[in-house]
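Chemist: Sharing a structure below in C-alpha cells format, with a few things to ask.
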Amino acid sequence: MGANSHQESFPWKHIIGFLLSLVLTFAALWVALSSGLPLKAVIGIIVLFAVIQASLQLFMFMHVNESDSGRMQTFNMMYSFFIAVVVVAGSIWVMQFVL
Amino acid sequence: MKWSEFFVTGEPLIYAADVAIVLTMIGIVFVLTYFKKWKWLWDEWLTTVDHKKIGVMYIICAVLMLFRGGVDALLMRAQLTAPNMKFLDAQHYNEIFTTHGTIMILFMAMPFIIGLMNIVVPLQIGARDVAFPYLNALSFWLFFFGALLFNISFVIGGSPDAGWTAYFPLAGNEFSHGVGNNYYAVALQISGIGTLMTGINFLVTILKMRAPGMTLMRMPMFTWTILITCVLIIFAFPVLTVALALMTFDRVFGTQFFTMANGGMSMLWANLFWIWGHPEVYIVILPSFGIFSEVVSTFAQKRLFGYKAMVGSIVGIAFLSFIVWVHHFFTMGAGPAVNSAFSITTMAIAIPTGVKVFNWLFTIRKGKIRFTTAMLWSLAFIPNFVIGGVTGVMLAMAAADYQYHNSYFLIAHFHYVLIAGTVFACFAGLHYWYPKMFGHILNERLGKWTFWLFMIGFNVCFFPMYFLGLMGMTRRMYTYSDGLGWTPLNVVATVGAVLMGIGFIVLCYNIYYSARYGERDMTGDPWNGRTLEWATASPPVHYNFPVTPVVEDIDAYWVMKKKYGGFHVKEEDLKPIHMPSNSGRPFWMSVAFFVAGFGLVFKWFALAIAGALFIVLGLILRSFEDDDGYYIPVDEIKRMERAARKGA
Ligand code: HEM
Ligand SMILES: [Cu+2]
C-alpha cells in the first residue's frame, strides 16, 4: 500500500491522541465513580466523553481527513452510524419488555 | 484447584481420547524429528505470510475440526437412535451438542471459508498478496490458538455445556460452575479478534489492490461476496467481542451484567448474541453463494446470468441481515409489535435469495454442462438449500414459530441451510480450487462417491427431523421414552449420519490417493476457467503474477484467452517484485494469547498477566520494526517462471 504522503518524523498526532484518550477515559471513570453527580448527569457526561473520544480517534489514529476516497469514507461513516443506531435503539426497543 | 479436577476423569470415552491425543503428539514429534522437518515447518509454514499457505493451513484446520464436530454429531446420533439409551448421560450430551455447534460454526465453517478466500481472492483480483500480510498471519494464528484452547476443554477442566448460544442465566456462575463456559468466552474471543482482523484485511485488499481495469462491477462474483462478507464481519464481530467481554467479566470477575440478581439482565445476552449471530450465519453463507456462482458459470461454460442482480441481492441480503436478529427468540416475550416487525424483515430476505436462485438456474439453462464433482455439489445445493429456505420462511412467521421453536424442525432447518449451503460450498470449492492449491486434481471418481454418499446421507439424516419436530421432539433432549412414535424416524436419521461419515472417510482417502496418484495439473487451468486465478501456474509461484494482469471485462481470464490466447508475459516486461518478509512474531504472540487465555479460564491471574505482557511486547516490537520486505530480482523471476511453466 503506497507510502503515506503525510509521513512525519515523529508520530506526534498519535501520541497526543493517545494521551487525550487516556485523559478522557479516566475523566469518565472519575465522573462515574466519585463525582457524586445524579445518575442522569453521569450518563450524559460519559456519553459526551465517548463521542468526543471517538471523533478524536477518527482524526488522530484513523486519518479520516487524509484519504483520497472521500465518497467511500462518507458512505462508510453513514453505514456505521446506521448500524450503531440499529444496535442501540433496536436493543432498547426489543428489551423494553424487561426494562 | 485439585489435579483431579484439572484433568477430566471418569469417562471411558475421555480416557480413550487422552490416549489418542498423547499418541498423536508423540507421533508428530517423532515424524518431524526423524525426517528432520522442524526447520522446514518453521521456515515454510509457521512464519509464513504467504496468503496461499495461510489459506492451506486454515483449510487443514477446518477439515480436522469437521472431523471433531462430526464425531460429536455421530455420538449424539448414536445416543438418540433408540429410546432410553444409556450411551451418553445428560451432562455429557449437553457438552457434546455445545462443542459440536460451536466448533462446526466457528472452527469449521468460518476457517474453511476464510481459507478459500485467502487462497483465491488475491489471485482473482490479480494481486501478489493481501494488503497486510503480517496481520493475516496473526489472524490465522489467533484463530488456531483460539480453536486449540476451545478443543482442549474436554480433557482439561471440562467442556462448556450451555449450548453454542451460551444463554444466560444458564451460562452464568449462578448455574454453571466449573471452567467450561470460561473456555467458551475466552476461546471465542481470541479467535474472534483474528476474524475481525481478517475482515479488515480483505476489505482493504479488495478495495485497494485490484489489477488495473478491474472496476468493482468487473470483479468475480466470489470476490464480490467476500467484499460484502468483510463488511458484515467488521460490523458484526465487535458486538460479539463486547458481549464475550461482558460474559468474561461476569464469569471470571463476578460482575453482574447478565445475572438474575442485582439488576443484571440475563436476556440481554440473547439479544447481543443474535445481533452478532444472525450476520454470522450470512458470513458463512454469502461466500458459499460466491463459490457456487463461480463453479456454476465455469461448468455451464457461460457467463453468470444477471451479474448486476446478483450483486444487488448480495448487498440487499447483507443489509437485511442486520435487522432480523429477533427471529431467534420470538418466544422470549418481546410482544406483538417487535415480533411482527422482525417477522417481516426476515421474510423479506427470501426475495433477494430467490433472485439468486433464479440467476443460477438461468446460468445453467442451455449451458454445455460438465458434471464434475464441484458442479454436482453446486447443482445439489439448489434444491436442498431451497428446502432449508422455505422452512426458514415458515419459522419466520412469529405466531407459527411458537410451535416450531427449539424443536427438531428447527434443527432440520438450520442443518439444511448450513450443510446444503456452507458445507456443500466448501466441498465444491475444495474440489474446484484443489489443483490451484496443490498442483494436482482430486480424483473425480472418489469425489463423486463422496458426493452421493454425503448428499443422500444428509437428506436421510435431516429430512425426517422436520417430522420429528412436528411430532414434538425438542432440541437438546438427551433421550426420550418409548411409545412416542419417534423411534423409527430416529433410526433413519442415524443411518443417514453414518452415510455422511462414510462420505467423509472417502474424502480423506481421496486426499491421500490423489496426492500419490492424482492427475498433475501442468496447465494451471484444468477446468477451462474464467477468472484470473487460472492464469497462474498450479500451484502459483509465491509472487502469484510475474507482471500484473490487465483486466478488460467480467471473466477477465476468459476474455484474455479468447482475445490473446491466454495470459502472456514477455520477459522484457519483468521488473523486480516487492514481497513481504516472513515473521515468527504472529506465531509467538498468539501463543501468548493462548497462555493468557488459559490463565483467565482457570483464574490463574499471574499466568494471565504474564501472557498479556508478552502480547504487549509483541505489539511494541512490531511498532518499532523497520522491515519493508525484499525484492526478487528479475533473473530470479525468469528462473522461477520457467520452472513453474515447465510442461505447459
Ligand atoms: C455432519 C453431519 C451433522 C450431523 C449428523 C449433525 C447432527 C446434529 C445433532 C444431532 C445436533 C443436536 C440436536 C440436539 O440435541 O439439540 C446438532 C446440533 C447443531 N448442529 Fe449439527 N450436525 C451435523 C453437521 C453440522 C454442521 C456442518 C453445522 C454447522 C456448520 C452444524 C451446526 C449445528 C448447531 C449450531 C447445532 C446446535 C447446537 C446447540 O444446540 O447448541 N451441524 N447437530
Ligand atoms: Cu437468524
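Backbone N, Cα and C define each Cβ position, glycine as well.
Feature annotation from TrEMBL assigns domain 'Cytochrome oxidase subunit I profile' to B:36-552. TrEMBL lists B:56-76, B:133-156, B:183-204, B:224-249, B:269-292, B:304-330, B:342-362, B:374-396, B:408-430, B:451-471, B:491-512, B:587-620 (among others) with the feature transmembrane segment.
Tell me about the setting of these features in this model.
Modeler: Note on the domain 'Cytochrome oxidase subunit I profile' (B:36-552): mean pLDDT across this stretch is 94.
Taking Cβ pairs closer than 8 Å, the transmembrane segment (B:56-76) reaches residues 13, 45, 87-88, 93, 96-97, 99-100, 103-104, 107-109, 111-112, 114-116, 118-119, 140, 143-144, 147, 151, 426, 430, 437, 497-498, 500-501, 504, 508 in its own chain, all 6 or more past its ends.
Below 8 angstroms of C-beta separation, residues 6-8, 14, 17-18, 21, 47-51, 54, 57-58, 61, 65, 68, 95, 99, 102-103, 106-107, 110-111, 114, 118, 179-180, 183-184, 186-195, 197-198, 200-201, 580, 583, 585-587, 589-591, 593-594, 597-598, 601, 622 of the same chain, each at least six residues beyond the ends of the transmembrane segment (B:133-156), sit close to that stretch.
Within the same chain, residues 98, 102, 106-107, 110, 114, 117, 121, 130-132, 135-136, 138-143, 145-147, 149-150, 153, 157, 159-160, 162, 166, 171, 226-227, 229-234, 237-238, 240-241, 244-245, 247-248, 251-252, 590, 593-594, 597, 600-601 sit at least 6 positions outside the transmembrane segment (B:183-204) and bring their C-beta atoms closer than 8 Å to a C-beta of that stretch.
Panel annotation: around the transmembrane segment (B:269-292), residues 105, 109-110, 113, 116-117, 165-168, 171, 221-226, 228-229, 232-233, 235-237, 239-240, 242-243, 246-247, 258, 314, 317-318, 321-322, 324-329, 332, 356, 360, 378, 381, 417-418, 421-422, 424-426, 428-429, 432 of the same chain, lying at least six beyond its termini, place a Cβ under 8 Å from a Cβ of the stretch.
Away from its own ends, the transmembrane segment (B:304-330) comes close to residues 217, 221, 224-225, 228, 231-232, 235-236, 267, 270-271, 274-275, 277-279, 281-282, 286, 289, 293, 296-297, 338-339, 341-343, 345-346, 348-349, 351-353, 355-356, 358-360, 362-363, 365, 395-396, 398, 401-402, 405, 554 of its chain (Cβ-Cβ under 8 Å, at least six residues beyond either end).
Sequence-distant contacts of the transmembrane segment (B:408-430) (same chain, six or more residues past either end, CB-CB distance under 8 Å): 59, 62, 104-105, 109, 112-113, 116, 120, 281, 284-285, 287-289, 291-292, 295, 373-375, 377-378, 380-381, 384-385, 387-389, 391-392, 395, 442, 450-451, 454-455, 458, 462-463, 465-466, 468-470, 473-475, 507.
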